[in-house]
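Accompanying notes for the structure given below.
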Amino acid sequence: MGDAPSPEEKLHLITRNLQEVLGEEKLKEILKERELKVYWGTATTGKPHVAYFVPMSKIADFLKAGCEVTILFADLHAYLDNMKAPWELLELRTSYYENVIKAMLESIGVPLEKLKFIKGTDYQLSKEYTLDVYRLSSVVTQHDAKKAGAEVVKQVEHPLLSGLLYPGLQALDEEYLKVDAQFGGVDQRKIFTFAEKYLPALGYSKRVHLMNPMVPGLTGSKMSSSEEESKIDLLDRKEDVKKKLKKAFCEPGNVENNGVLSFIKHVLFPLKSEFVILRDEKWGGNKTYTVYLELEKDFAAEVVHPGDLKNSVEVALNKLLDPIREKFNTPALKKLASAAYPDPSKQKPPAKGPAKNSEPEEVIPSRLDIRVGKILSVEKHPDADSLYVEKIDVGEAEPRTVVSGLVQFVPKEELQDRLVVVLCNLKPQKMRGVDSQGMLLCASVEGVSRQVEPLDPPAGSAPGERVFVQGYEKGQPDEELKPKKKVFEKLQADFKISEECIAQWKQTNFMTKLGFVSCKSLKGGNIS
């Protein structure tokens with residue numbers, strides 16, 4: 001059996017791959033005297049996704065460093081955060097979290113017997129804790145409470161009082177769990193500094209705070225439980241993992257906001273200390289990297305292709321997910337998963353008839369599912385001389401068939417392999433016997449001779465990337481636009497091409513995360 005790690009080695013294990021440590025000198029002093037007591041808490045809201053492997057890998061580091069580790073399932077916090085977890089589902093979601101987090105830890109070889117698991121409501125409803133909540137509320141300003149939760153608590157126009165209580169409860173958890181340190185994402189920083197300011201006001205000591213970086217989602221932004229395309233669920237099927245990775249932003253040579261590279265850096269490398277790029281012999285064969293920066297350097301130099309990177313991540317990720325899928329393949333856990341996260345489409349529909357005081361539906365651009373597409377093939381419609389039948393990759397498992405009236409305006413060879421902009425949530429429509437599963441959006445100018453140009457997404461775009469109107473990127477598109485409600489038609493009335501050839505809605509630009517959607521030359525044109 002090897003020697004116990006020295007205080008310096010423990011410090012290295014505890015702090016490696018962290019973005020920031022608050023209270024490092026205090027941490028060093030504790031490690032000279034005894035083992036560190038640390039906790040990680042997770043509010044039991046949306047389904048945990050693969051980015052949760054980041055804290056799991058750090059928990060493995062803490063155990064290697066001899067730390068006493070507590071995992072808190074913060075059920076009360078989940079309810080306080082704008083009721084992200086309804087009260088009637090709170091117990092079910094907490095049970096789901098406990099089972100899935102334990103399955104994750106087992107899949108990376110973490111011994112569960114060395115961990116302490118606790119629910120927030122096991123102690124947060126006690127007389128002593130409740131009294132401290134009141135004591136804290138007497139010294140905390142509304143401004144500080146709101147500021148502390150800004151990165152974590154859901155921000156709404158008229159915030160509930162519960163969201164202002166959230167940071168205070170998280171601060172008190174440090175005292176009631178009797179720990180030296182709290183570990184969390186860097187998005188928790190304002191809550192951590194809030195705790196450092198206010199716990200001493202109650203006579204409690206200031207704790208050490210350890211922060212890991214936030215892993216970008218597959219779309220390049222923060223990986224989020226509420227943004228479906230940005231994350232891979234722990235129970236996603238292999239085909240879903242493949243589909244989501246295929247749509248992930250991973251531009252050749254671009255290492256900025258690259259969710260695929262970031263996942264390798266913060267999850268796969270810490271767990272395995274190496275990463276293997278799988279590729280055909282004709283492209284150089286497999287290559288093993290033991291230093292992440294070497295892989296990043298090769299990707300930046302385009303020695304490693306995005307396709308090979310994604311395929312290699314897919315294989316490595318499925319090895320982590322297989323034990324979790326297997327564990328949840330039992331009747332009891334399948335029932336738990338469906339009960340904790342009921343399918344909204346299967347909920348009981350509201351009673352027929354107009355609801356009293358119902359508000360009209362908002363007609364806003366985020367209701368449109370517009371995506372970057374790549375035309376894989378173009379053929380003349382067999383029964384219509386003016387129509388093309390295109391197969392377009394829009395980031396799904398199979399390409400979509402789209403019929404468009406471009407024969408008179410755009411040569412076939414200009415469309416082949418072209419990146420285009422496709423409206424994907426129109427109701428499929430038969431066009432001269434062929435089902436069209438989308439609309440290829442184009443700019444047009446009427447006149448003596450009508451001119452039409454397909455809209456162009458920014459250079460470097462990938463099929464499946466979302467196209468949105470600036471300022472409306474957060475909303476979820478309708479599953480399918482209902483023809484009778486004419487949502488697209490109402491919005492289209494304000495579509496226009498600017499003098500700079502940028503596609504706009506009410507003078508606000510259409511864009512992707514890489515830049516603006518444009519056309520070649522039709523200034524002032526319409527969009528259809």
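Heads up, the Cβ atoms here are built off N, Cα and C, so glycines get one too.
Residues annotated as trans-resveratrol binding site in Swiss-Prot, with similarity to another entry given as evidence: Tyr39, Gln170, Asp173. Residues annotated as N-acetylmethionine in Swiss-Prot: Met1. According to Swiss-Prot, the feature N-acetylglycine maps to Gly2, an assignment based on similarity to another entry. Here Swiss-Prot flags Lys197, Lys206, Lys474, Lys482, Lys490 as N6-acetyllysine. The feature phosphoserine is assigned by Swiss-Prot to Ser205, Ser386. What Swiss-Prot lists as region 'Disordered' is 339-363. If you look up Swiss-Prot, you'll see 242-247 marked as motif 'Nuclear localization signal'.
In this structure, of the recorded positions Gln170, Ser386, the smallest number of CB atoms within 10 A of the CB marks Ser386.
Site extent for trans-resveratrol: among the recorded binding residues Tyr39, Gln170, Asp173, the largest C-alpha separation is 11 Å. DSSP places the residues of the motif 'Nuclear localization signal' (242-247) in helix, strand and coil in these numbers: 6 helix, 0 strand, 0 coil.
Here the Cα atom of Lys482 (N6-acetyllysine) is found 44 Å from that of Gln170 (trans-resveratrol binding site). Remote same-chain residues near the motif 'Nuclear localization signal' (242-247) are listed as 218, 229, 232, 236, 260, 310, 313-314, 395-397, 462-465 (criterion: CB distance under 8 Å, separation of at least six residues from the stretch ends). Sequence-ordered, the extra residues of this chain that approach the trans-resveratrol site, with Cβ no more than 8 Å from the Cβ center of Tyr39, Gln170, Asp173, are Gly41, Leu72, Ala74, Leu169, Ala171, Leu172, Glu174, Leu177, Val179, Gln182. Shown are the modified residues Lys197, Lys482; of these, the residue with the fewest other Cβ atoms within 10 Å is Lys482.
You'll find the Cα of Lys197 (N6-acetyllysine) roughly 15 Å from the Cα of Asp173 (trans-resveratrol binding site).
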